[in-house]
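Feature annotations, reproduced from TrEMBL:
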type    : residues            : note
SIGNAL  : 1-19                : signal peptide
DOMAIN  : 32-464              : domain 'Amine oxidase'
BINDING : S33, E53, A54, V247 : FAD binding site
Amino acid sequence: MKLLLVMVFIHSLLALAPASKTPTVIIIGAGMSGISAAKTLHDAGIRDILILEATNRVGGRVMKTQFSGYAVEMGANWLFGGGPVHNPVLEMAEKVKLKTSLNDYDNLTSNTYKQDGGLYPKTLVEAVDKVAVARDDFCAKFSTLLTKKVKNDVDISILAGQRLFKQEPKTPLEMVVDYYHNDYEDGEPPKVTSLKHTYPRNEFVDHGEDPYFVADPRGFEIVVQYLAKQFLSSLKSDPRLKLNKVVREIIYSKNGVAVKTEDGSIYKAKYVIVSVSVGVLQTDLIDFRPKLPIWKRLAISDFSMTIYTKIFLKFPYKFWPTGPGTEFFIYTHVRRGYYPLWQHLENEYPGSNILFVTVTAEESRRVEQLSDQEVEAEVMAVLKTLFGNKIPKPEDILVPRWGSNRFYKGSYSNWPDKYSQHRHDQLGDPVGPVYFTGEHNSNKYIGYVTGAYFTGIDTADDLLGCIKNQTCRGYNSQQM
């Protein structure tokens with residue numbers, strides 16, 4: 001017991017290292033990548049850090065909200081396990097005893113609805129899905145071929161790969177099955193998504209294909225907060241974390257950085273790590289002075305930030321199929337991505353009577369321009385087609401609008417076709433004392449929480465090389 005008290009006391013002393021008036025490093029953003037970078041710096045002995053977060057919480061795009069008495073995830077929702085490579089995010093989730101539910105997609109072929117109602121025969125959907133699986137396998141093998149045997153940085157879209165396989169999805173059923181295999185994961189359609197940098201899907205290859213759906217009253221964000229508490233004494237009072245600080249300007253030179261926030265505050269440091277999304281970097285929220293070099297601006301502007309929207313509906317009672325094998329169902333439509341993937345939450349929250357439907361990319365952008373009432377009308381038209389006109393009206397609806405939120409400007413990034421590895425390296429390269437991190441910088445796990453976690457470490461390690469060994473890549477001739 002005494003040893004435990006001593007250890008806690010020592011940890012508190014270390015964690016309480018105050019933010020100096022001129023810290024060594026400022027980290028902009030308290031999402032997974034920013035917190036991961038800050039912890040890496042702290043563990044390496046750089047404890048005079050300052051984290052500036054625009055919102056009132058730690059977590060970034062790992063965000064829960066209360067909906068009709070239940071905690072639902074607005075952003076990241078799944079953890080993946082069962083693979084050969086250790087998943088540190090899953091390990092942290094297990095340490096905090098995060099409540100999850102293993103999703104079962106195996107019966108989707110039995111729950112695929114036609115546009116005008118009624119189910120497709122299971123054997124027909126299975127045949128279409130078998131082609132989709134073979135198409136995915138071809139794309140994975142062709143990606144390996146492009147990586148290993150083509151000297152130049154050659155890439156094509158996933159759609160181009162499908163055409164090479166002579167199996168381009170064309171019918172509404174083929175399109176919605178392809179949506180499940182691609183858009184549902186990447187957030188954008190195959191015609192604009194890189195084949196070489198998407199296939200094989202490293203998150204599944206490494207960490208496994210067991211999808212654990214987070215359904216915890218504390219939210220998935222508790223994992224990010226757990227990581228932050230490893231080096232911060234408090235998420236409310238540690239002076240090295242400042243919430244509600246909207247960064248609007250970064251002035252940088254060889255002498256260091258000055259960071260200005262919306263409330264008029266100015267913070268100075270030797271270096272800054274910018275962990276905002278690539279979507280935010282593409283806007284004028286943060287003004288860099290001087291302007292970032294043209295190669296950096298091109299790398300930022302050419303990358304893709306997509307939107308993944310889960311629309312939640314609470315009903316007075318269930319009218320959809322429940323029980324084993326009914327967790328998910330698919331709606332087919334001539335317009336790709338029109339309210340296609342549905343899930344009920346009876347496994348996670350029995351008796352909640354909650355359904356949610358996922359839309360992505362352009363459909364998400366369209367939906368964000370509608371009122372909640374207009375979205376509800378469209379969703380109910382689909383549900384009435386499937387289950388009849390006598391179904392009840394929803395008691396509540398939640399429509400996240402990630403693309404419209406100036407602090408995020410989307411859900412996660414997606415590697416565009418014909419966007420080279422060299423340009424992606426530039427996306428993550430530092431400029432002078434300004435370093436960049438985030439899931440968009442990941443080569444293996446782009447778009448995933450694991451990608452944010454690992455890039456935070458990588459960026460901090462890069463900066464540590466500069467601080468301790470004077471190997472400062474940001475001051476190369478190209479960078480400045």
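Backbone N, Cα and C define each Cβ position, glycine as well.
If you take every residue in the domain 'Amine oxidase' (32-464) and average the pLDDT, you get 97. The residues near the FAD site, meaning same-chain residues not in S33, E53, A54, V247 whose C-beta sits within 8 angstroms of the mean position of the site's C-beta atoms, are I27, I28, G29, A30, G31, G34, I51, L52, T55, G60, K245, S275, V276, F407, in sequence order. The Cβ of A54 (FAD binding site) lies under 8 Å from the Cβ of G29, N244, K245, V246, V247, F407, each of which sits 6+ residues away along the same chain. Of all Cβ atoms in the protein chains displayed, 36 besides its own lie within 10 Å of the Cβ of S33 (FAD binding site). Of all Cβ atoms in the protein chains displayed, 24 besides its own lie within 10 Å of the Cβ of V247 (FAD binding site). Sequence-distant neighbours of E53 (FAD binding site) (same chain, 6+ residues apart, CB-CB distance under 8 A): G29, A30, G34, L241, K242, L243, N244, K245.
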